[in-house]
C-alpha cells in the first residue's frame, strides 16, 4: 500500500516538472536579431538607470525613436556637443554611435532594432543620437526622412583644413595603439607634387556637396549648424542656440563649463561633478609644412564660399 502511494506521488512530481509555466500576460514581440522568446526591451532594461528594483526602467519611461540626430561632421566636435547637450535634464542621449542609416547590416533590421538602441526616456524628454558618418553618406538623408520628415538635425562643423588634420590624427593614433606603421600626412595630401584631391579626408570637408544632398529632403530650417570652432573656444553661447533650436527650456548655464588648463579645453560640471572628454579628444595635430598648409587653405576657398552662400552665413575659416 505504501509503495503504491509513493509511486503515485512520484508520478505527480514528474508530471508537474514537465509542465511549462503559463505567462500572466502576453509576451512582447521579439526584436529583430533578438533571441527567440526574448522581449524587445529586456536585453537593455538591465543597463538603464531605473528605480533600483529588478533593473526595471523608471516609471513611465520607454525607448523611443530619436527626435533629434547629430548627423556630423566627423572630427567636428560631435562627442563634445552630445556631452554638453546631455547636461539638459530633458535630453536622453544614446551613448554610442548607432550607424543605423549608413550600415546595411543595421538598417536591414528595421526601426524596431533602431529603437532598441536608444536610452529609456520619459515622455517629456528628447531622445538624441549621434553618428557623424551620416552627413557624408549619400543614402542617409532619404532614409532619415522616411523615418521622420519633421526631425530636427544638428550639424557641427569646423574649419575644413583643421578638420582634415584632425581626421588624419585620429587614424594615425589608432594605428599607433595597434603598433602599426602609418604614412605621414604629406604622403596622403600630396601626389606628384600636387594636392591629392582623392584623399577621403578632403572630400569629407567639402561641406556644400554633402549639405546639398540633405537639402533635397529637409528644409534648411530643420538643420541647425553648430560652429565647432566657437564651441571649443566658448561653449555656452553655442549650446544656448542649440537649446532654442530644439525648443528646450534654458537649463544649461555658464557654470556648467570650466576651462581645464591642463587639457587645454573646456570641461563640464554637472551637479557638482566634473568630467572631461576622453583623452583621445584634443590631440595635437601633426606639423605640416606651411606651404602645404597654404595649399590646403587655397583648395577650400571656393568650396567654403559656396557653403556660406548655401546656408546664408559665414564662418571664421581660412
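For all residues, glycine too, the Cβ spot is worked out from N, Cα and C.
Listed in TrEMBL for this protein:
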{"type": "SIGNAL", "residues": "1-24", "note": "signal peptide"}
{"type": "REGION", "residues": "26-64", "note": "region 'Disordered'"}
{"type": "COMPBIAS", "residues": "26-40", "note": "compositional bias 'Low complexity'"}
{"type": "DOMAIN", "residues": "66-305", "note": "domain 'Sulfotransferase'"}
{"type": "BINDING", "residues": "75, 76, 77, 78, 79, 158, 166, 266, 281, 282, 283, 284, 285", "note": "3'-phosphoadenylyl sulfate binding site"}
{"type": "ACT_SITE", "residues": "75", "note": "active site, for sulfotransferase activity"}
{"type": "DISULFID", "residues": "267-276", "note": "disulfide bond"}
Please report the Cα separation of residue 79 (3'-phosphoadenylyl sulfate binding site) and residue 276 (disulfide bond) in Å, rounded to an integer.
11
Return the single residue from the binding-site residues list (75, 79, 285) that has the minimum number of other CB atoms within 10 Å.
285
Rounded Cα-Cα span from residue 166 (3'-phosphoadenylyl sulfate binding site) to residue 276 (disulfide bond), Å:
19
Euclidean distance between Cα atoms of residue 267 (disulfide bond) and residue 77 (3'-phosphoadenylyl sulfate binding site), Å:
13
Model confidence over the domain 'Sulfotransferase' (66-305) (mean pLDDT, whole number):
94
Provide the number of Cβ atoms within 10 Å of the Cβ of residue 166 (3'-phosphoadenylyl sulfate binding site), excluding the reference atom itself.
22
Cα-Cα distance linking residue 75 (3'-phosphoadenylyl sulfate binding site) and residue 267 (disulfide bond), given in Å to the nearest integer:
18
When you measure from the Cβ of residue 77 (3'-phosphoadenylyl sulfate binding site), how many other Cβ atoms are you left with inside 10 Å?
27
